[in-house]
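Quick look at what Swiss-Prot annotates:
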- 146, 148, 177: divalent metal cation binding site (BINDING)
């Protein structure tokens, strides 16, 4: 399943992509009409939280099938052209990112890879697919892109052993870890350089892990104005997904909806010769196999 959150006519909602259609089932409406008893989570985060005790996907499947068989299915669908995409989840807790997890990317920026490099991004930096974000020209001339695979946590845990780590994953998404290289080079920590408004585009979907059975062998392609800048594969990650979860959960309790960005391959603007940073009016597309394409526009003004 592909889950998404959206805004329609000033109403915020969430849903699941209609198969073979550019449309979404509006799940709160579907659940209200066809759901089991009082099961009607109002947000995707609430659905993930309830998934710890109840099979959320099964509840979705049964309700959608009932809607399809009712003959009134069009009442519960919205076309993508009629909605604004939001971040699939807005975590109440953590947006955690791993840096220097691709050796070629670390090398292009002359960074060491012999130690764990972890940082957080402010939840206020999150934005959805097709969003236009500030160009931040008032503070930097070095705004950069980083296409990444994102892990979405599905159940609570800490000190999770590597052998059980994959059980804590609900699904995967796409993240563009937009970075202010000026701030990054002038501060010892990464939080400020990674947390500008709009600096964490995410989406367009959360793809459930059953639909991405080999997340460590998917291509990541980032294009700026249709020019390929990054062309990597998650198989190149230094620390694999189960290792990332084991290492971070040793210190940080994870909860449903928490996001872990797994690092970016080579090809960022700062690593090119000469460097090529994002400019007003640019279009950035990050595509990951079997998830989709995350599009971000840099404001002209």
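Backbone N, Cα and C define each Cβ position, glycine as well.
Annotation for residue 146 (divalent metal cation binding site): same-chain Cβ neighbours under 8 Å, separated by at least 6 residues, are 176, 177, 178, 179, 222, 264, 268.
When secondary structure is read from DSSP and collapsed to three states, residue 148 (divalent metal cation binding site) falls in the strand class.
Same-chain residues at least 6 positions away in sequence with a Cβ under 8 Å from that of residue 148 (divalent metal cation binding site) are, in sequence order, 97, 174, 175, 176, 177, 220, 261, 262, 263, 264, 286. Using a 10 Å Cβ-Cβ cutoff, residue 177 (divalent metal cation binding site) registers 29 neighbours.
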